[in-house]
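Annotated in TrEMBL:
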- B:84-276: domain 'ABC transmembrane type-1' (DOMAIN)
- B:21-42: transmembrane segment (TRANSMEM)
- B:88-110: transmembrane segment (TRANSMEM)
- B:119-140: transmembrane segment (TRANSMEM)
- B:152-175: transmembrane segment (TRANSMEM)
- B:196-218: transmembrane segment (TRANSMEM)
- B:255-276: transmembrane segment (TRANSMEM)
Amino acid sequence: MTLVKEAPARPAGKRPAAPAAGRRGRRRETLAGYLFMSPWIAGFLLLTAGPMIASLYYAFTSYNLFTPPQWVGLDNFTTMFQDPRWQKSVEVTLKYVVVATPLKLLLALGVALLLAQKRRGQGLYRAAFYMPSLIGASVSVGFVWRALFSDDAVVDRTQKIFGLDVGGWIGNPDYVIYALVALSIWQFGAPMVIFLAGLKQVPQELYEAAEMDGAGPLRRFWNVTLPMISPVLFFNVLLESIHAFQVFGSAYVVSDTRCGPADATLVYTCYLYQKGFKEAQMGFASAMAWTLVIAVALVTAVLFWSQKKWVHYEEAAK
Amino acid sequence: MTSATSPALPTAHERRRVGSIAWHVGALLVLAVVLYPVIWVVGASFKPSKDIIASLDLLPTAPVWANFSGLADGISGISIGSFFWNSLVYAVLAVVGVVLSSSLTAYAFAKIRFAGRNLLFTLMIGTLLLPYHVLLIPQYVLFRNLELTDTLVPLVAGKFLATEAFFVFLMVQFMRGLPRELDEAAKLDGCGHLRTYWSIVLPLSRPAIITSAIFTFINAWNDFMGPLIYLNTPEKYTVSLGLMMFRDQEGISNYGSMIAMSLVALVPVIAFFMAFQRYLIDGMATSGLKG
């Protein structure tokens, strides 16, 4: 707008050249645009797109890093689908995703509803609850978790009070995965912060109107809050489940470096790491990686498809 | 207090009091669970090794410094300081890389109109959802062929090439919110894009840059998988790998020191968080609303 206003003020001599200058200007803008984003373009080609293509190729080869890749067709995939350890890793990962994600989001939403009330100290609570999301991925916290869930430590002794005598969860193949689930739930702060931001945007009038219509707190939550924050809920479900599929560090650190005991925490990425970097089966590992990408893409697609049914977008968004 | 004078007020007042107490009890309960592991590691660092697991007291009855002085010996001839120094170098390089490359890219997306911009933006957002494991093996092969393994290059190359799409996205959102008049005025004053970027947009984007910088620092500091794959000389290990080496070699004999080192490793992250929590939490919150 301002440009149009300024135009007559320009020296008269330059006016006839305007169309050419415009085209040249546009070309210069394009050049500037690509120059500014050249780091990203280089990164995208060299570190994302190129490697993706390379990995797709490796997936159909036998490759041990030392001799050139040998084309083997679908061999990696057929071996993989029949491999009991691969099946185990899928089972462990699905269990982790399906148990940890809903529990974490439920807690995040519950605490967000609590913190959405204006009370003294609310900001401090919010900060404290967020902190685990920043340190949860560290090796330090992995060690702490290992300690808390080992024999005779606090979790073991607490469960004994309730008559549960299974020992520490770390050494127990049936329970160790739940130590990882607990570590994931402990990091509920990140989705909580996103829920809180969503809750803040719900117009107060809607609650007042619902209250006047005689809706109790539960109805207000179900008919006002939940639809209004459904886009944020969708975002959290998408992000948290994609992250959960890729869990690695906690399995490697909390259980043991072989993701045991008895492959009980052999999450997908852990098996991929073992195959690729311990056994130098780059072809097999690439086939695994692509299978994961396709699985995650499918989950994403299903979520996006399902959002039509339950995600409520405001017509007049801002 | 007012209950004696007016009988109508106290019920409402009392109900509010009860609600307030219930709220604080709930919040404190969550707080206790959230903080327990953190307080535990502080307490454990000051306990003798044999008491750490078995004793249920959160804090030691008689604090000992032995775990920390034990750190001075290092692990198999490598000083603990070396791990912290390596982590610091990695984290600082990562921050410089992310801030520079992401802000340049974000400026192009937010402030320059050019053919193909929308397509590239969609591609960038797409990389946010891509499981990075598909890149793990081919990137390793690439850096191995370039003979760059066992250096920091594979760990920070992506940071200098704006592959952290989340931060580019964060900065684009922020720069789009800056008043257009400012860069138009700069243009009329004869500023090129580089000047506008450096003297106007970059200084005004400080909040987004601080958020990205702190997140990058913390992520690099905590990074475990990257160093695990790429670094194999113990002298080059970061804190994460140092801790793992500690556990493998002295995890039983010197358990207390291992826990003490875990605590020291957490200190920078917690300090950054306390200093900049507003930026971090607001950055997280906007990512969700605009995504």
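Placement of Cβ uses the backbone N, Cα and C atoms for every residue, glycine included.
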The transmembrane segment (B:21-42) vs the transmembrane segment (B:255-276): 3 or more CB pairs under 8 Å: yes
Considering the transmembrane segment (B:88-110), which listed stretch of B:119-140, B:152-175, B:196-218, B:255-276 counts the most C-beta pairs under 8 Å: B:152-175
Selected stretch (most C-beta pairs under 8 A with the transmembrane segment (B:152-175)) from B:119-140, B:196-218, B:255-276: B:196-218
